[in-house]
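Here is the structure we will look at.
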Amino acid sequence: MSNADVKATGTDLPEVEKRPSHVENSADLDANAKLAEYKAGAIDAENAELRMGVLEAVRLYPMASLWAFIMSCTIIMESYCVFLMGAFVAMDQFKKEYGVTDQYGKLQIEASWQSALQMGGPLGAIVGVVIAGPITSKIGYRWATIGGLMVLNCFIFVFYFANSLAVMFVSQLLEGIPWGVFIANAPAYCSEIVPIQLRAPATQMLQMFWAIGAIIVGGVCYVYEGKMESSAYRIPIALQWMFPTPLAVLLYMAPESPWWLVRKGRLEEAAKSVRRLGSAKVTTNPEESVAMMRRTIDLEKTDKEPSLVELFRGTDLYRTLIVCGVYAAQNLTGNLIANQAVYFFRQAGIDSQLAFALGLITSALQTVFVMLSWILTTYLGRRTIYVWGSFINVCFLVALGVAGSVPASNASSLAMASLGLIVSVGFTLGPAPASWVIIGETSAIRLRPLTTGIGRGAYYVVNIPCIFLATYMLNTTGVNLGGRCGYVWGATGFVCFVVAYFYLPEMKGRSYREIDIMFKRKVPARKWKETVIDINSDE
């Protein structure tokens, strides 16, 4: 049929615009040039971070260090309240108002209520970490954390005006919800806003602020412990209001994580965020840093919104198990002795004033040892410090069990108190701070808020039965094991050591791109250190 025939029938053929071949080739060349430029910028930014020293990174990214410091301060709230409940059960006035007489004629908080008060927060935190992932993925780290701080302000009222152990339990349950948001967001945010060389100290600050929370509690309770009126514990409760509002104001001024902004496709905002995190001396431009982030995120090759189901598929399952395992192991390698230090000292036969003083000394030493761990983890590696730190703690836990097995005497009490202090402090030099770095580095970028939330959920799932176990082992209304609890925690700690030795990889000095590639290649954990990933490789 001719064109004339077509027009005669009233049917129009679609017009096809034929572009000259030289125009098509020009467009292809232009696209290829842009792709090459984008990848070159990403490589330059990654190389710059890999070559950077620790002190140089601090000099070039001072604001990133500052905002990581401020976000880490949110951990003080959970630490403060956890140690507060541990101090209350050892406080004479609190025991006078809410305690019962034990078999030795002394006042004690019943083991069941002691356990309930200490597990209320973790129960609420399970809710918090579950909702933290989806909320943070949707609105970002800043607004999710600010919302949690404002909610916490309200829930502190419940605790302050509580007039029974039951209401105190409910208040802990409610306060635990924003705790879960803080503990899920803080390690992820801190690890995303700093360069590679600062990931260890930035995330380990979380453990330092945990110890600082304990120091504040120890100091306040040491001052008020001797008061024989309700202000002995009411004032420490009220002091919780010191933290949420100032932190919310500071976080309002903080930049959002550029990695989160890139995941959302907000590239201009991500570049602006990178500028705010660095100084004028930064050698790479923000666009190159954003290109590096895009390159890493593009490795995941999906436009879907992240979901909890993805955490348990393929290589992401292995990454999720590492995060959950490291979190859960914190309860099994000496952490609960550290969290109940004052009560442990009392049960070891130390008088009230000295027990609170030792608790304060323990917290101060923990802060110092966390700072020492920055150096060890940065230069020796995460796996080395975590694995062998866990093993050393197991040895001290067994020694604690031996000290608790000898006949009661002043010498055995001092030995148990000393070993309890060593275990509490040693925990913050090795496995505790290293675990925060591992948690921040292991998860896939797009799944990070969900992974850290589920990981912390695993912590609380293990923490709750362990609190019951720890309380009944120490309480005179329970089985009253005293120092012999070291045998129990030594056994669980040894299991954690063995699992970590075989399955925990070394991620020191690795970019997120390299970490993604090595997980996808299923490199065995003990071979990560010597494995080389080409800078041009995307799979």
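Backbone N, Cα and C atoms are what each Cβ position is placed from, and that goes for glycine too.
Keep in mind that TrEMBL annotations are predicted by a computer and have not been checked by a curator.
Range annotated as region 'Disordered' by TrEMBL, chosen from 1-24, 265-288: 1-24. Transmembrane segment is the annotation TrEMBL gives to one range among 27-47, 111-131, 174-194, 321-341, and that range is 111-131. Within the chain, the transmembrane segment (354-376) has long-range Cβ neighbours (under 8 A, six or more residues past its boundaries) at 83, 87, 90, 200-201, 204-205, 207-208, 211-212, 214-215, 217-219, 221-222, 225, 338, 341-342, 345-346, 385, 417, 421, 424-426, 428-430, 432-434. With a threshold of 8 Å between CB atoms, the same-chain residues lying at least 6 positions outside the transmembrane segment (205-224) that come near it are 68-69, 72-73, 75-80, 82-84, 87, 91, 186-187, 190, 231-233, 235-236, 239, 341-342, 353, 356-357, 359-360, 362-364, 366-367, 370-371, 373, 428, 432-433, 436. Per-residue confidence over the domain 'Major facilitator superfamily (MFS) profile' (67-508) averages out at a pLDDT of 84.
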